[in-house]
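Notes to accompany the following structure.
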Amino acid sequence: MARVVVDVVLKPEISDPQGQAVLGALGRLGHDSITSVRQGKHFVLEVDGDPDEAELKQIAETLLANPVIEDVELHLTAD
Amino acid sequence: MTIDTVEHAEKSPDDEQPYAELGLKSDEYLRIRDILGRRPTTAELAMYSVMWSEHCSYKSSKVHLRQFGDLPHSDALLVGIGENAGVVDVGDGYAVTFKVESHNHPSYVEPYQGAATGVGGIVRDILTMGARPVAVMDSLRFGRADAPDTARVLPGVVAGVGGYGNCLGLPNIGGELLFDDCYAGNPLVNALCVGVMRHEDVRLAKAEGVGSKVILFGARTGGDGIGGVSVLASETFDEHGPAKRPSVQVGDPFTEKLLIEACLEIFEQDLVTGIQDLGGAGLSCATSELASAGTGGMHVDLDTVPLRDSTLTPAEILMSESQERMCAIVEPGKVDAFLAVCRKWDVLATVIGEVTDGDRLTVDWHGERIVDVPPRTVAHEGPVYHRPMRRPADLDDLQADDAAKLPRPRTGAELQAHWLALLSSPDGADKTWVTEQYDRYVRGSTVLAQPEDAGVVRIDEDTHRGIALALDGNARYARLDPYAGAQLNLAEAYRNVAVSGATPLAVTNCLNFGSPEEPEVMWQFAEAVRGLADACRDLGLPVTGGNVSLYNQTGDVAINPTPVIGVLGVHDDVRKRIGGGWRTAGERVLLLGVTTPEFGGSAWASVVHGHLGGKPPAVDLPAERALADVLAALGREGLVSSAHDLADGGLAQALAESALRHGVGAVLRLTGDPFTALFSESTARAVVTTSDPEAVKATARWAGVAVTDLGTTGGDALVVDDLLELPLVELRAAWTATLPALFGTPEAAVGAHPNGAVPAS
Amino acid sequence: MRIGVLTFPGSLDDVDAVRALRLAGAEPVALWHADHDLKDVDAVVLPGGFSYGDYLRAGAIAARAPLMQDVVAKAGGGMPVLGICNGFQVLCEAGLLPGALTRNGHLHFRNRDQALRIERADTAWTSDYETGQRIVVPVKNGEGRYVAADTDLDRLEGEGRVVARYVEGNPNGSSRDIAGVTSADGRVVGLMPHPEHAVEDLTGPSTDGLGFFTSVLQGVLA
């Protein structure tokens, strides 16, 4: 069993009101050193047998993320 | 894991059991042993403890609530109290079911999910009657509007009510939003759902037909809210916040939407004998209620229950409050068709047991018997308490502290200042900040919605038949006199339905009170129930059901008694509905009803003086009835172009709301004491506008309702001759600024930033 | 004229779209997401709602439903398609329209009566309007903020593919006040506001929305 983690975040040029809201809260709480927050999604996929990286990349880029607005990162970890 | 089986329980009578931790008193525990003739197994103890909690058993309130069942027979009532929700005949073969339920404590602990699952639960109650849910309403109360905890709780509750209801595709057609210190730590979140069906489609919760299958369908069972019923609903929060922080239920409105569509298809194909939703007490409640309503027994194989968490114990599975689950009784020959409908809607459905001959509810786990009980003893024969009652010691002083003694505004400038103060107070202010988070358009049949006095929904596009609903719960009145307070709330909801042009038909209620273990609270409760029952008898309206929420208190300070009353009315033709706003200039403004100086518990006394004392306004049910008759006649004849009820804030509040609705002012002349005219809260009154004042007066005279000429619509101000002039611009600014100032303005966040970016600060 | 209304699990405004089409004089045809059967319809409306709970991204899973493959193929051949709210989100996710719809700038779900300006009165769904016409229809969404890269926005504007714009206030922070866009051939239109809720005086803020549904009848007849 392999585990694949896919992180999806909004592209830098797309504004992220959720991240902005968190940043605003941090500022009000006195955490002035935090200058940016981007909120994203974290998927954990469990794969039977050897993971096919190309297939996973395709899944990540066509379903898990919307390439118009989101970037995706793939992390393979063997259990 | 060793399992506490029935066999083991018989052999180990002396094992200590944690009944007290589960909220059972020692005499209640002894009664369970007496019923079973042995000690209960762990699973049985869990079932009894949740089902015998205040929340599920109504053990403190039952003896009082009987008065609703004793009301005279009503032809309109197709299904009465005792089912998931009452069913009312609204004509043309249509039946309507409606009910309000509280989700108060869960919404304090986790505002978004607490409110969301409150909506989910009441929608399933309506669905189980065989109806398509068509609209929701919400009645909300929070601590002082500027208290920090209100800023935590309110936005989450509003987002939760909206998030869940919007995602189900149910329009939110109205409700209430009120603030008072007494709700700090005890917010009230009461949600109403209304559903429509044909008479022949009414379903009941019962298990009949030996060999019929018990099917659990909807979401998987997880560890949500285990013990939530007894812990959340039966324990009081201390001043440091929640005494326990139990796992709250998490809602999945998408699954519920699928469940609704699947159920409606299942009803259409006539595939179920009985159906019950899983709410508080989960499977314990559904199986014991279904079995006790039927003619036989029931057996459940707990290993077949689909789980989200494989580590759950059998007792936890029985108690789990995972949302979006339902339980159906299906004849063997219909099981395949039932499962096919569920597959179509991607709804997980599993046969978990069957109806047996005999009269026991039995549950097996890993092949061993862990529950063997008479189901009625779990579902219906819980303890019944005649709790001690005592008139609150402070009530005489409170009633003697007459609001008539308070300093009154005398000059035009003072009257104007008080008027603006009322209109900009959190209770009186514009509620758009809340209601624009709710979808009021979905399904395309919302005829009136907030901020109108009543929500009106069309139920037939060809005949134009429709229904009207209002929810009201003035707790200041009920604090001063719970008997009169409950009646005044009924009268207000009744009036709100009537001003829309509808004929009031039936009543539901959600009774929010403090701890029943306090004799003074118990007295308030008993008085409110007695008042409501008496008033329903006088108005000839049946009570179709209701909900009781007790233990709404922090330490030994209870909330003001808050009986929230819902009234359902019927429109033969919704095209004749009457809205509350003024649309055209040059119409006559008339006041229907009689005004006397009544300020006890008024919004004026509260907002201007922070005062609560005296007696609430006099109840006059014959006058309410006469007013409703007049309004119905005016609606039928199309004689009025607007009607607005007078309640909190009296004439001042009503005039301002009517003017601001479509931006049409008026020039008015008040007779007698202008202060009394503007701020008294005398009941049985409404303001109407008309182009045919003589016809309106004639109709009112016929019913014995007094009419006062107030003036004429038009202009961009509310002008009271010789007294004051309130430009609508100023009025609107005061009215709309309050809630955004307290809870944030979306516009400030969006502005003109590129891509709608939110500023970082 | 047969016009399909596609129901996904979680679609909500399908009954409203059916009513609007009926009032416009069309024959509404119910379509089910899991079928591969467009039932010979002449045009398709993708209604509002929360398809599949919108749990991945709004419209993302619906865009990959079996029947959507048929819709995409037919749209390529010029079949008119109108996506409203969630339907607009589905069209963007399916690649039939450019850009994406994201969480409202103010983070709230918002329902209000919204003024729009019709920017293009020559698409399959807007021919009964005048360019520059002001209409009022409800808007209600939590993820209705239209976004695209600035270069793409410039290109869309250059090609005249903005169908409607919010006026008198932007309800969700959409780029350049965009309320709706169209495909290059003017046959596929995505619209965030809800014209199907403004088709009867009794229930809507106006009847301004009816034009979208009558427009397509003319186009299909022509």
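Cβ coordinates are placed from backbone N, Cα and C, and glycine is handled just like the others.
In TrEMBL this protein carries:
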- B:His55: active site (ACT_SITE)
- B:His103: active site, proton acceptor (ACT_SITE)
- B:Tyr58, B:Lys99, B:Asn509, B:Gly546: ATP binding site (BINDING)
- B:Ser102, B:His103, B:Asn104, B:His105, B:Arg124, B:Gln249, B:Glu321, B:Ser322, B:Gln323, B:Ser549: substrate binding site (BINDING)
- B:Asp125, B:Asp277: Mg(2+) 2 binding site (BINDING)
- B:16-59: domain 'Phosphoribosylformylglycinamidine synthase linker' (DOMAIN)
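Feature map: annotations from TrEMBL on the structure.
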residue  : record                 : Cβ contacts under 8 Å, 6 or more apart
B:Tyr58  : ATP binding site       : B:Leu65, B:Val548
B:Lys99  : ATP binding site       : B:Asn84, B:Ala85, B:Gly86, B:Ile122, B:Asp125, B:Ile126, B:Leu192, B:Cys193, B:Thr508, B:Thr544, B:Gly545, B:Gly546, B:Asn547
B:Ser102 : substrate binding site : B:Gly118, B:Leu188, B:Val189, B:Asn190, B:Cys510, B:Asn512, B:Asn547, B:Ser549
B:Asn104 : substrate binding site : B:Asn186, B:Pro187, B:Leu188, B:Val189, B:Asn190, B:Asn512, B:Ser549, B:Asn552
B:Asp277 : Mg(2+) 2 binding site  : B:Asn84, B:Gly121, B:Arg124, B:Asp125, B:Leu127, B:Thr128, B:Ala286, B:Arg325, B:Met326, B:Cys327
B:Asn509 : ATP binding site       : B:Val100, B:Leu532, B:Val543, B:Gly546, B:Asn547, B:Pro563, B:Val564, B:Ile565, B:Gly566
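The highest number of surrounding Cβ atoms within 10 Å, among the recorded positions B:His55, B:His103, B:Arg124, is found at B:His103.
Between B:His55 (active site) and the residue listed as 'active site, proton acceptor', the C-alpha separation comes to 11 Å. Sorted by the number of other CB atoms within 10 A, the binding-site residues B:Asp125, B:Glu321 start with B:Asp125, the lowest. Across the domain 'Phosphoribosylformylglycinamidine synthase linker' (B:16-59), DSSP helix (H, G, I), strand (E, B) and coil residues number 25 helix, 0 strand, 19 coil. Taking CA atoms as the reference points, B:Gln323 (substrate binding site) and the residue listed as 'active site, proton acceptor' are 14 Å apart.
Sitting within 8 Å of the Cβ centre of B:Tyr58, B:Lys99, B:Asn509, B:Gly546, and not among those site residues for ATP, are the Cβ atoms of B:Leu65, B:Ile81, B:Val100, B:Glu101, B:Thr508, B:Cys510, B:Leu511, B:Gly545, B:Asn547, B:Val548. Within 10 Å of its Cβ, the residue among the binding-site residues B:Gln323, B:Gly546 with the fewest other Cβ atoms is B:Gly546. When secondary structure is read from DSSP and collapsed to three states, B:Asp125 (Mg(2+) 2 binding site) falls in the helix class.
In this structure, the CA atom of B:Glu321 (substrate binding site) is 13 Å away from the CA atom of B:His103 (active site, proton acceptor). Per-residue confidence over the domain 'Phosphoribosylformylglycinamidine synthase linker' (B:16-59) averages 92 (mean pLDDT, predicted model).
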